[in-house]
Amino acid sequence: MAVTTQQLIDWKQQGHQITMLTAYEYAIAKIIDQAGIDIILVGDSLAMVGLGYETTLPLTLEEMLHHAKAVRRAVVRSLLVVDLPFLTYQESPQQAIHSAGRVLKETGASAVKLEGGYDEMANTVSALVKVGIPVMGHVGLTPQSVHQLGGYRQQGKTTVAAERILSEAIALQQAGAFAIVLEHIPKDLAAEITQQLTIPTIGIGAGPYCDGQVLVTSDILGLTPWQPPFAKKYANLHDTITNAVTQFCTEVQQGKFP
Ligand SMILES: Nc1nc(=O)c2c([nH]1)NC[C@@H]1CN(c3ccc(C(=O)N[C@@H](CCC(=O)O)C(=O)O)cc3)CN21
Ligand SMILES: CC(C)C(=O)C(=O)O
Ligand SMILES: [Mg+2]
C-alpha cells in the first residue's frame with residue numbers, strides 16, 4: 001500500500017522509525033521504492049549531486065520538474081516529496097502556491113518540502129496547506145541559506161540558536177506541516193523538538209532521537225568521492241563503477257570483448 005502523510009503521524013505515535021532517501025532519476029528511484037523506503041525526496045541536492053553545481057542555489061523549477069517527473073514514473077509505494085528550489089517560494093505565499101501547484105500538477109508528487117520556519121515562512125506553509133498542498137518543513141542547517149550561514153556548519157549550538165530552531169519547528173507544525181526535516185543540529189536539540197511535536201521529525205546529522213532518518217542516496221552508495229561528516233557509506237559504487245569501466249576498456253583494447 002502507498003505511504004500517506006497520515007501514515008507517518010501514526011508511525012510516530014507507534015514509535016516506528018521512518019526512512020527517507022533522495023532520488024533524482026528513474027533507475028535509482030525504482031530500486032529505492034522496491035526496497036521499501038517510506039519517503040522518496042527529489043531533493044534540491046540534485047543541483048550538487050546530479051548537476052555538478054557548487055551549491056543548491058542555481059537549481060530552477062523547470063529542472064526540478066523534469067527530474068521529479070522521471071522519479072514519479074518509478075515510484076509505486078513510497079510517499080513522493082519534492083524540494084521547492086531557491087527563490088521559487090520565498091517571495092510570497094502566492095509564488096509558493098504557484099510553484100508548489102506546478103509540482104503537484106505536472107509531476108504527480110504528493111507533497112513539497114521548503115526551508116525555514118521563521119514567521120513569513122510559517123505563513124507561506126499555512127497558505128499552501130489551505131489550498132490542499134501537503135508541506136514538509138526543513139529547519140536547522142538550511143542549505144539554500146549557505147552564504148548567510150557561512151558554510152554547511154552545525155546549527156543550534158547556542159541556547160539562543162537552539163530556542164529559535166525549536167520555535168520554528170513549532171510554528172511549522174501550527175501552520176499545518178505534516179513532518180519536519182531537522183538538519184545538522186545537536187542530538188539533544190533534535191530530541192527536544194521530536195518530543196515537543198506531534199508531527200514526525202526526520203533527521204539528517206541530527207542524532208538518533210528523531211522519528212526517522214534521511215540521507216542523500218549517492219552518499220550511502222559511496223558514488224561521490226566526498227560525503228558530509230554525518231553520512232554513512234553502505235556501499236562503494238565509486239570503486240565498483242571504476243572497476244567495471246576499467247575492465248571494459250581493457251577487454252575492448254585487448255580484443256577480448258566482444
Ligand atoms: N552529497 C550531499 N550530501 C548532503 O547531505 C548534502 C549535499 N550533498 N548538498 C546539500 C546539503 C549540504 N550538506 C552538507 C554539506 C557539508 C557539510 C560539512 O562538511 N560540514 C562540516 C564542515 C562545515 C564547515 O565548516 O564548512 C561540519 O563539520 O559540520 C555538512 C552538510 C548536506 N546536504
Ligand atoms: C538532504 C535532504 C533533506 C535535502 O533537503 C536534499 O537532499 O535536498
Ligand atoms: Mg534540500
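Each residue, glycine too, has its Cβ placed from N, Cα and C.
Binding site for 3-methyl-2-oxobutanoate per TrEMBL: Asp44, Ser45, Lys113, plus Asp83 from the candidate set Asp10, Asp33, Asp83. Taking only the Cα positions, the spacing between Asp83 (3-methyl-2-oxobutanoate binding site) and Glu183 (active site, proton acceptor) is 14 angstrom. In this record, 3-methyl-2-oxobutanoate is bound by Asp44, Ser45, Asp83, Lys113; the longest C-alpha to C-alpha distance in that set is 12 Å. With a cut-off of 6 Å between Cβ and the nearest atom of ligand 1, the recorded positions Asp44, Asp83, Glu115, Glu183 reduce to an empty set.
By the criterion of other Cβ atoms within 10 Å of the residue's own Cβ, the least surrounded of the binding-site residues Asp44, Asp83, Glu115 is Glu115.
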